[in-house]
Ligand SMILES: Nc1ncnc2c1ncn2[C@@H]1O[C@H](COP(=O)(O)OP(=O)(O)O)[C@@H](O)[C@H]1O
Ligand SMILES: CC(C)(COP(=O)(O)O)[C@@H](O)C(=O)NCCC(=O)O
Ligand SMILES: [K+]
């Protein structure tokens, strides 16, 4: 059986895994669960702690293959960082932009990753990163309010409506949801776009509420960026 490469996106909440073979990306839903075949190498991008990475490495039982770390850098192909210290940019942001550039070459873009934190990055048509935002994500914002107040409580079930609410948990959930939608709209007001791309765990709940924007969902954006680092 032909063997592929395992790609890992290690975020602050979850680990996302994809199997890469003959240019095709196949999502692995239950990593470190079942894979199409044992991989010949692992390429990974991590914004989590080194401890988390080591734990994952041993859990995966893939200790006999090479693990290649992907890092943010000053330039990759057409993409150029705006950071004075490029290595300090989250590699998930770097790779999402690289993936976006692959989907829409020579196009000005807003690239959104709705993960633990929500990030928005502005990319010029010539590949220059113009800058970005880091905003607490849907769960982090809710947690912040319940942690810093005495009387705001949440409920387990998450239900988002773009409407005012009449009980504490719904006021919190709807309020945070409105704030997240507002920051996405604000970005497009600041730099109006013909194309926006969104990825990350919360992208699907946000999408239906952003219908007036030229926004497209691409769940594998970070992995598309990662494939640019694979050397055969
Ligand atoms: N199966 C899941 N497990 C955990 N979070 C999920 C799941 N599906 C969707 N989510 C949402 O995804 C968010 C995390 O997004 P993700 O892109 O995985 O974050 P990160 O890259 O920071 O780990 C969570 O806040 C949660 O709302
Ligand atoms: C902003 C982030 C926390 C987002 O990661 P995530 O929430 O998706 O796990 C991550 O990209 C990060 O740790 N960035 C480092 C700082 C920076 O990008 O400038
Ligand atoms: K992420």
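Positions of Cβ are set from backbone N, Cα and C atoms, glycine also.
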Of the residues 88, 107, 116, only one is listed by TrEMBL in the ATP site with 9, 10, 11, 12, 13, 14, 15, 16. Which is it? 116
Across all the protein chains here, work out how many other Cβ atoms are within 10 Å of the Cβ of residue 93 (substrate binding site). 25
Would you count the other CB atoms within 10 A of the CB of residue 113 (K(+) binding site), including those on all shown protein chains? 29
Among the recorded positions 83, 92, 93, 116, the ones with a Cβ under 6 Å from any atom of ligand 2 are 92, 93, 116
